[in-house]
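Asks: Please find one structure pasted underneath; my questions will follow.
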Amino acid sequence: MRNFNIKRQINKLYTLTTVSYFRIAGASWVALLALRGFSLLQIGILESIFHIASSCFEIPSGVVADVFGRKRTLALSKLVSVLSCLAMILSDNFGTVAFAIAFSALSYNLESGTIEALAYDSLKTVKQEEKYNQYASTEMMLYRITSSTATLCAGFALWLGYKKAYAIDIFFGMIALGIVCSLREISGFTGADDKLINSQTDEHNKEQMSEEKQERMNEEETDQKNIQNIRISERLQNVITESWHFMKNNRKARSIMIVNALIGAVSTLILFFLQAKLPLAGMNEALLGPALFVMGLGAALGAKVVGYFPKWKYKKYIILSGIGTLFAFGMTFSGNPYLMVLGGFAGSFADDFLEVSTDILLNDMIPSEQRATLISVNSFTFSLVMIVMSTLMGSIM
């Protein structure tokens with residue numbers, strides 16, 4: 001691609017990840033809602049609403065990225081994220097908060113996978129696909145560092161109040177939108193990269209074309225668009241069909257995904273609700289951020305130690321993760337903030353310990369051409385479980 005600087009493109013994507021995930025209000029949204037007087041049951045229902053919206057938007061958001069391009073989809077994601085924060089600032093009751101939460105889910109869906117796709121397409125354009133693994137690991141590291149830093153600011157967010165905290169998120173969201181606008185669009189679906197390369201040449205040639213040739217070219221472009229629409233329709237149909245057949249014909253894989261989703265949902269919700277329960281148990285608000293950060297370290301440790309048990313049967317992973325999750329659940333009722341943090345650490349460890357082992361097992365069970373479907377089905381299964389468990393856990397805790 002002429003005048004395309006791949007190093008600059010990748011560095012911009014790194015910067016985008018760093019800026020996008022520094023959300024001090026987003027990292028402590030449960031605590032902020034509790035501070036506003038919302039009950040844990042209401043917060044649980046709001047979490048269910050988030051996952052209901054996420055389930056509805058998951059596949060359509062992928063189609064949007066294919067039709068309109070990665071850059072436009074990312075820009076739309078950042079714009080929706082800003083609008084979600086603005087809606088949260090203006091919210092004054094459960095209904096308006098739910099509206100803001102649904103907008104937030106749409107933002108996540110539009111962003112999920114789109115940055116990675118743009119990075120891969122960019123590297124592929126200059127025949128450097130082999131560098132994608134390096135990009136992915138660096139991008140994940142930046143995500144962890146940035147999100148952990150935002151978590152450390154939880155106490156600061158509570159001190160500011162929800163309006164100022166979300167205003168800071170809007171500020172960083174606008175910076176992220178500016179970064180997206182400076183990116184170079186790459187498309188592997190619509191041929192937009194060819195149009196991008198030859199845009200000036202095409203414009204010059206069109207001026208010199210006869211009216212007859214121009215009409216013929218317009219007809220060809222219309223045919224290409226029709227073919228593109230057919231391909232998109234076929235892709236959507238294939239995703240739904242393959243997902244259904246995979247879930248129907250692979251009982252073992254189906255059971256693994258459901259068990260993983262159940263344990264993962266409980267562990268995730270425990271960490272969410274601890275944001276609200278720790279201050280109620282007497283923890284100083286200034287210590288909430290560091291406490292959440294320490295609990296998050298359990299996830300990193302859980303993911304790391306999986307590699308030391310490569311010959312374990314999957315049932316052992318389930319048993320150990322189940323024990324860790326039950327311990328975390330029990331500690332939330334201890335009333336002791338230190339025991340609650342210890343439980344949160346154990347639950348976080350159990351979540352990623354099982355998640356990584358599940359990913360390894362499932363990827364070994366299926367052929368490579370179905371892996372994209374598996375990711376979609378696995379994510380969709382988790383969302384369905386979260387829809388039910390969020391309200392249930394909120395009523396219990």
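Every residue gets a Cβ built from N, Cα and C, even glycine.
This is the feature table in TrEMBL:
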- 21-43: transmembrane segment (TRANSMEM)
- 49-68: transmembrane segment (TRANSMEM)
- 75-91: transmembrane segment (TRANSMEM)
- 141-160: transmembrane segment (TRANSMEM)
- 200-219: compositional bias 'Basic and acidic residues' (COMPBIAS)
- 200-224: region 'Disordered' (REGION)
- 256-274: transmembrane segment (TRANSMEM)
- 286-306: transmembrane segment (TRANSMEM)
- 318-339: transmembrane segment (TRANSMEM)
- 372-393: transmembrane segment (TRANSMEM)
Asks: Which residues of the chain, 6 or more past the ends of the transmembrane segment (21-43), have a CB below 8 A from one of its CBs?
Replies: 85, 88, 94, 97, 104, 143, 146-147, 149-151, 153-154, 156-158, 161-162, 165-166, 168-169, 172, 272-273, 275-277, 279-280, 288-289, 292, 391, 394-395, 397
Asks: Checking distant contacts: for the transmembrane segment (75-91), what same-chain residues at least six beyond its ends satisfy Cβ-Cβ under 8 A?
Replies: 20, 25, 64, 68, 97, 99-101, 103-104, 106-108, 110-111, 114, 162-163, 166-167, 169-170, 173-174, 176-177, 180-181
Asks: Against which stretches of its own chain does the transmembrane segment (318-339) lie, if we need a Cβ under 8 Å and a gap of at least six residues from its ends?
Replies: 259, 263, 266-267, 270, 273-274, 277-278, 281-283, 291, 346-351, 353-354, 397
